[in-house]
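Have a look at the structure below, then the notes.
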Protein chains: 2
Amino acid sequence: MDFKLEVTDAKSKARAGVITTDHGQIETPIFMPVGTAGTVKTVHQRELNEDVKAQIILGNTYHLYLRPGLDVIEAAGGLHKFNGFEKPMLTDSGGYQVYSLKHRRKITEEGVKFQSHIDGSRHNFTPEVVMDIQRTIGADIIMAFDECTPYPCDRKYARESMEMTHRWLKRCCDRFDQTESKYGYSQTLFPIVQGSTYHDLREKSAETIASFGREGNAIGGLSVGEPAEMMYESTDLVCSILPADKPRYLMGVGTPENILECIALGVDMFDCVMPTRNARHGLIYTSEGIINIKNKKWEKDFSPLDPNLGGYVDTAYSKAYVRHLVHSSEALGAQIASIHNLAFYLWLVGEARAHIKAGDFSTWKNLILPKISSRL
Amino acid sequence: MDFKLEVTDAKSKARAGVITTDHGQIETPIFMPVGTAGTVKTVHQRELNEDVKAQIILGNTYHLYLRPGLDVIEAAGGLHKFNGFEKPMLTDSGGYQVYSLKHRRKITEEGVKFQSHIDGSRHNFTPEVVMDIQRTIGADIIMAFDECTPYPCDRKYARESMEMTHRWLKRCCDRFDQTESKYGYSQTLFPIVQGSTYHDLREKSAETIASFGREGNAIGGLSVGEPAEMMYESTDLVCSILPADKPRYLMGVGTPENILECIALGVDMFDCVMPTRNARHGLIYTSEGIINIKNKKWEKDFSPLDPNLGGYVDTAYSKAYVRHLVHSSEALGAQIASIHNLAFYLWLVGEARAHIKAGDFSTWKNLILPKISSRL
């Protein structure tokens with residue numbers, strides 16, 4: 001993997017760059033649609049390419065490990081061959097799912113024992129196992145196995161968990177560096193900064209993570225319920241420590257507003273289920289504001305979802321039609337809204353990038369933020 | 001509407017023809033995907049055009065009347081404008097839904113009083129009301145309001161119901177002929193033959209329906225649980241009476257096998273929810289046989305769903321991937337299977353048409369039938 005930092009904004013810490021992987025380039029800042037089980041929910045691979053214009057998508061190690069299982073993915077020749085998405089992919093490490101499985105897992109120094117949410121079967125993730133799994137899944141960028149602490153989190157737990165995450169990182173790096181890609185293209189390992197909302201812990205963690213000298217770095221444990229201001233403070237602090245010549249990935253963030261604010265703090269990569277999950281509930285992000293398409297006010301509005309986007313779903317369908325579909329629980333409603341919301345997120349980061357390169361990012365951000373955050 | 005009969009097969013009663021409507025041409029024999037609530041479930045309009053190669057789709061009067069409601073469809077400028085499908089459309093009359101709503105409706109000479117399956121609200125469909133509704137929905141081909149009798153059905157009920165359907169047809173024709181299209185293009189009304197499985201009633205009904213001299217004729221009340229042989233007998237009998245110079249539409253039929261057999265009996269138009277409903281349950285129709293994609297045997301089969309179809313979903317995805325999606329209840333599984341099954345149905349009627357025109361329909365049918373009916 002290679003990262004070329006192209007421009008750093010003069011009035012903020014925003015950056016534009018290009019990541020190069022064996023599956024192609026990624027222009028940053030970038031949003032990565034979440035493809036949990038090897039599928040971005042309701043969206044065809046062709047639509048990811050042509051309509052959403054995704055440059056990289058995510059897969060979830062926890063989900064893919066359980067279904068279809070590693071033997072199937074390996075027999076296919078890796079996740080790209082299995083799901084037919086030929087561009088770069090990133091897998092998380094399962095750390096976040098472990099955090100979510102609160103009552104079905106036990107964390108020890110060795111790793112995490114957990115029960116499948118599908119059939120209750122028992123499994124054991126250790127840093128080494130998770131590296132091996134991600135070698136088999138075969139994403140271009142893979143993530144270290146960490147513990148994602150909840151919010152709020154007491155200081156002692158946060159510190160001890162962070163220290164364990166650092167020890168796990170050492171084990172991840174050792175295993176990763178001793179093994180090889182299975183499918184003939186390179187993989188790279190990103191470590192994850194933890195430390196909850198404690199500034200000194202975040203600082204310590206960022207320094208530790210940076211010292212590993214990997215090709216990119218991630219910020220975890222945010223967007224777990226803390227106020228946005230706290231998230232911005234931690235992100236700002238961590239970005240000031242993580243090396244400037246490597247991409248910074250803020251995990252699980254967030255709203256369009258969160259993303260623009262964190263781009264301004266120096267983040268290069270984002271992922272979040274929001275655009276697709278909210279789409280399935282009828283929440284549509286547009287360049288003119290946020291729409292709850294279920295509202296009666298859209299019943300006879302035959303204008304496009306977003307007149308400024310111009311992709312297929314924005315020219316083929318009207319608000320009234322999408323409202324009817326969502327209102328009638330017709331699957332096509334979620335499909336249209338998912339493509340639209342993802343296309344909007346990709347449009348937004350693309351615009352941010354263009355304005356960083358043009359030198360007017362902050363001006364543009366201040367103009368567009370109130371608009372895209374308003375409720376229509 | 002215009003129907004040009006191009007070829008009648010020498011060794012069967014199969015026909016090839018072309019229907020021309022103001023929204024374009026339909027090459028017969030044709031299968032019409034069902035778009036119940038103004039959407040073919042899980043399939044984008046672009047996919048209907050480019051992947052399924054649909055030439056005409058159906059809408060359900062009962063469903064569209066309840067949701068989004070006539071005021072919305074009229075404000076949009078008709079169903080084509082509302083859902084963005086620019087090719088011909090056909091609406092049923094609600095007769096079949098009335099039949100399905102067994103415990104929520106009362107049939108009298110005047111019409112049918114029923115309760116909505118959505119909110120229990122009370123409504124009244126009469127032949128006149130249903131003509132007005134279908135004028136407002138604005139499909140190119142609209143259907144007479146009939147009673148679809150169940151199977152089995154005692155002779156007395158079948159006869160009286162059929163006679164009422166004939167009286168209702170007179171009222172439908174009167175209302176239709178006294179009113180005009182609302183959106184500047186032509187609509188045409190197809191009457192429906194009933195008579196359950198009684199040959200003399202079917203004969204009587206076909207003669208009555210033919211005597212109305214409409215531009216096309218439909219056969220209803222079949223594929224409601226009777227053995228396939230009974231359906232074929234009734235269809236054969238009715239087709240021998242309905243005029244040869246007008247298209248014949250067999251409503252709600254059926255399996256690929258049913259369709260080929262009924263093409264051989266002189267049917268030109270078909271619709272059925274099977275390809276989409278079964279797709280959602282993982283049943284895939286292919287040129288090599290029927291696949292239950294949930295079966296373990298497909299777990300590591302990375303070949304295309306159907307190597308002979310070659311459309312997008314058959315080149316982009318493997319059986320193993322679709323199995324994983326359906327198995328994991330991922331929406332994309334139903335989406336892929338729906339596109340595939342519809343594309344298969346359209347491919348099948350297209351092949352039938354080509355072989356009718358080439359003069360070897362019966363030979364081809366006898367070769368392909370055992371194949372496409374087998375379980376893989």
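In case you wondered, yes, glycine gets a Cβ from its N, Cα and C as well.
Some features that TrEMBL has for this protein:
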- B:12-369: domain 'tRNA-guanine(15) transglycosylase-like' (DOMAIN)
- B:ASP92: active site, proton acceptor (ACT_SITE)
- B:ASP92, B:SER93, B:GLY94, B:GLY95, B:TYR96, B:ASP146, B:GLN194, B:GLY221: substrate binding site (BINDING)
- B:252-258: region 'RNA binding' (REGION)
- B:ASP271: active site, nucleophile (ACT_SITE)
- B:276-280: region 'RNA binding' (REGION)
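Locations of recorded TrEMBL features on the structure.
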residue: B:ASP92; record: active site, proton acceptor; Cβ within 10 Å: 32
residue: B:SER93; record: substrate binding site; Cβ within 10 Å: 29
residue: B:GLY94; record: substrate binding site; Cβ within 10 Å: 27
residue: B:GLY95; record: substrate binding site; Cβ within 10 Å: 26
residue: B:TYR96; record: substrate binding site; Cβ within 10 Å: 22
residue: B:ASP146; record: substrate binding site; Cβ within 10 Å: 33
residue: B:GLN194; record: substrate binding site; Cβ within 10 Å: 32
residue: B:GLY221; record: substrate binding site; Cβ within 10 Å: 33
residue: B:ASP271; record: active site, nucleophile; Cβ within 10 Å: 23
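Under DSSP, residues within the region 'RNA binding' (B:252-258) fall into helix, strand and coil as 3 helix, 0 strand, 4 coil. Per-class residue totals from DSSP over the region 'RNA binding' (B:276-280), listed helix then strand then coil: 5 helix, 0 strand, 0 coil. The two recorded residues, B:ASP146 (substrate binding site) and B:ASP92 (active site, proton acceptor), have Cα atoms 10 Å apart.
The record assigns B:ASP92, B:SER93, B:GLY94, B:GLY95, B:TYR96, B:ASP146, B:GLN194, B:GLY221 to the substrate binding site, and the maximum Cα to Cα distance across that set is 15 Å.
When the Cα atoms are compared, the residue listed as 'active site, nucleophile' and the residue listed as 'active site, proton acceptor' turn out to be 10 Å apart. DSSP gives B:GLY94 (substrate binding site) a coil state; it is part of no helix or strand. Counting in whole angstrom, B:GLN194 (substrate binding site) lies 15 from the residue listed as 'active site, proton acceptor' by their C-alpha atoms.
In sequence order, B:VAL98, B:TYR99, B:MET143, B:ALA144, B:PHE145, B:GLU147, B:CYS148, B:ILE192, B:GLY220, B:MET251 are the same-chain residues whose CB sits within 8 A of the CB centroid of B:ASP92, B:SER93, B:GLY94, B:GLY95, B:TYR96, B:ASP146, B:GLN194, B:GLY221, the residues recorded for substrate being left out. Following the DSSP three-state reduction, the secondary structure of the residue listed as 'active site, nucleophile' is strand.
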